[in-house]
Amino acid sequence: MAKARTKFVCSACGADHAQWFGRCPKCHEYGSLQEEIVNAVSSGTNHRSLGAQKSRSSKVKTGQPQAALTFSQIRQENQGRFLSGYGELDRVLGGGIVPGALILIGGDPGIGKSTLLLQVAFQLATRLPRILYVSAEESGQQIKLRATRLGITQTVEPSQAQDGINNLAHDGNLFVLPETNLDDILRELEALQPQVAIIDSIQNLYFPALSSAPGSVSQVRECTGLLMQLAKRDHISLFIVGHVTKEGAIAGPKVLEHLVDTVLYFQGDRFASHRLLRSVKNRFGATQEIGIFEMVQSGLQEVLNPSQLFLGSREEFMSGTAITVACEGTRPLVVELQALVSPTSYASPRRSTTGVDYNRLLQVLAVLEKRLGVPLSKLDAYLSVAGGLEVEEPAVDLAMAIALVASFRDRVVDPTMIILGEIGLGGQIRPVSQLEIRLKEAAKLGFKKAIVPKGQTGIESAGIKLIPVGKVFAAIAVALPANENTTDQGNGSEAKIEEDLGKKD
C-alpha cells in the first residue's frame with residue numbers, strides 16, 4: 001500500500017516544494033509555504049490517466065479533441081452580453097456580462113460582496129430563464145432571510161419549487177444551492193444549464209479527489225480550473241467570490257487571477273457608506289474602471305452622479321481647498337483636495353496623506369520649496385481627498401500644489417475653478433490624458449474656469465474658460481492672485497504673470 005507524502009505549496013505563486021523553506025525559492029515570498037498531504041497513487045494506477053479520472057469524477061465531459069482552425073474558420077456565435085440590471089456593474093464589466101466569462105470578485109469581509117451578487121441574481125432572474133446561486137457559507141434559509149431583509153425576494157409557492165432546491169425568485173428563475181462539494185455543484189450546473197451562476201465563495205469549496213483542506217492552494221487551483229472548463233464549454237457566465245488576505249490581495253495562488261477573465265475588487269471605507277467596484281483585469285473591457293454604490297438599509301444602490309458624492313459644498317469654501325477632475329478608467333470624477341499646512345511641534349515635521357500617494361506629496365513639497373521658495377520643510381503638511389476616494393494618477397499634482405500653497409497663505413481658491421496638470425521635477429506643467437472628458441464633467445457641475453497645461457491646445461472647452469499655464473508658479477499666480485480683491489481670477493496671460501513675478505524660474 002502506497003504511503004501518503006507531504007509537500008509544501010506556496011500560497012503566493014502555487015509552486016510545490018518537497019521541504020519547508022522560510023522563503024519561497026521561486027517567488028521569494030516570506031512565510032508563504034503551507035503543508036499539504038498528498039495521497040500517493042497506487043502501483044496499478046495509470047499516471048497518464050489521473051487527470052482524466054478527475055474529470056470523470058467531477059462530471060466534466062472533456063469531449064473529442066478539436067482540430068486547429070484558421071482565424072477565418074472560427075464561427076462567431078451571435079451571443080450578446082447580459083445586462084445585470086445595475087449600470088455601474090455593467091460599466092465595470094465593459095458593457096455587460098459576457099456569456100461563458102469567469103468573473104472573480106474580492107473584497108474585505110462585510111464590504112457587501114454577497115449582498116451585491118444576491119441583488120444581481122434577483123435582477124438577472126427577471127431577464128433570464130435560469131440563474132443559480134451556490135452558497136458555500138450560508139444555508140438556503142439564511143439566504144432567504146437576508147433577501148427578505150433587503151426587500152428583494154418574491155417567494156413562489158412551495159409546490160412550484162423543484163425538489164431539493166430553494167426557489168426564491170420571481171417566476172422561479174433563481175435557484176439556490178447550499179453546497180461545498182465541487183462534484184455536486186458541477187453536476188447541478190450540467191443539469192440546470194443556467195445562463196449565469198454565482199459561487200460564494202471559492203475558498204470554501206473542496207474537490208473530493210484531493211486530500212488537502214478547503215481553501216488550500218491545490219483546492220483553490222483545481223476547483224477554479226474545473227469551473228472554468230465547464231463555463232467555457234457550456235457558455236455559463238460564472239461569478240466567483242474570493243476572500244482577501246490582510247494585505248488586501250485575493251487569497252490563494254496568483255494563478256487564480258490568471259485563470260479568470262475578469263478580476264474585480266469591491267472596496268470601501270468602514271466609516272463611509274459608499275463602495276467602489278474596481279476592475280484590475282478584464283479581457284472584455286477596460287481595466288481600472290470603477291462603479292460606485294452606496295450601502296443603505298435596503299442594500300446597495302447605484303450612485304448615478306458620483307461627482308456630487310466626492311465634492312463638498314462650494315458655498316463655504318475654506319482655505320487650502322482645490323477642485324480637480326480625476327479619471328478612473330474612462331470615468332471622470334470631480335474631487336475635492338483638502339490641504340492643511342501648520343507649524344510643527346516636533347523636531348521632524350509630519351507628512352500625512354489620505355487618498356493620495358504619500359511619495360507624490362513629498363515630491364510636490366520638494367518642487368514647491370526648490371522652484372518657488374515656499375518654506376514648507378519645517379511645517380506639518382496634511383493632504384486628503386474628500387469622500388474617501390483614492391486617487392493615484394499624476395493629473396492631480398497641480399491641484400495638490402495649489403491646495404498646499406493656499407493653506408500656507410491662508411487663501412481661498414475660486415470655487416468655480418478646476419485645476420488640472422502633472423508637475424515635473426523642474427516645475428513645469430505636463431499634459432494630462434482625457435482632458436476633454438474631464439472638462440465636460442466639470443461643465444455639468446457648473447464650473448466656469450479651468451487651469452490646464454499650456455501644451456494641450458485644440459480641445460473642446462465645453463463652455464469652460466481655459467487658462468493654459470506652463471509653470472507651477474504661473475498656475476499659483478492665477479489661482480491665488482496677489483490682489484485679493486480681484487474678482488475675475490485668471491484674466492492675465494502667462495507672459496504677463498511671468499513679468500509680474502520677475503520671470504522666476
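Quick reminder: no glycine exception, Cβ is built from N, Cα and C everywhere.
Computed from a predicted structure; not experimentally measured.
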Range among 10-27, 118-135, 190-207, 226-243 that Swiss-Prot annotates as zinc finger: 10-27
Of the residue ranges 136-140, 266-270, 281-285, 341-345, the one that Swiss-Prot records as motif 'RadA KNRFG motif': 281-285
Among ranges 44-64, 485-505, whichever one Swiss-Prot labels region 'Disordered': 485-505
Neighbours of G107, D108, P109, G110, I111, G112, K113, S114 excl. site residues, C-beta within 8 Å of centre, ATP: T115, F266
Cβ neighbours within the same chain of G110 (ATP binding site) - under 8 Å, at least six residues apart: R270
Residue with minimal Cβ packing [other Cβ atoms within 10 Å] among the binding-site residues G107, P109, G112: P109
Greatest C-beta neighbour count within 10 angstroms, which of the binding-site residues D108, I111, K113, S114: K113
Integer mean pLDDT for the motif 'RadA KNRFG motif' (281-285): 93
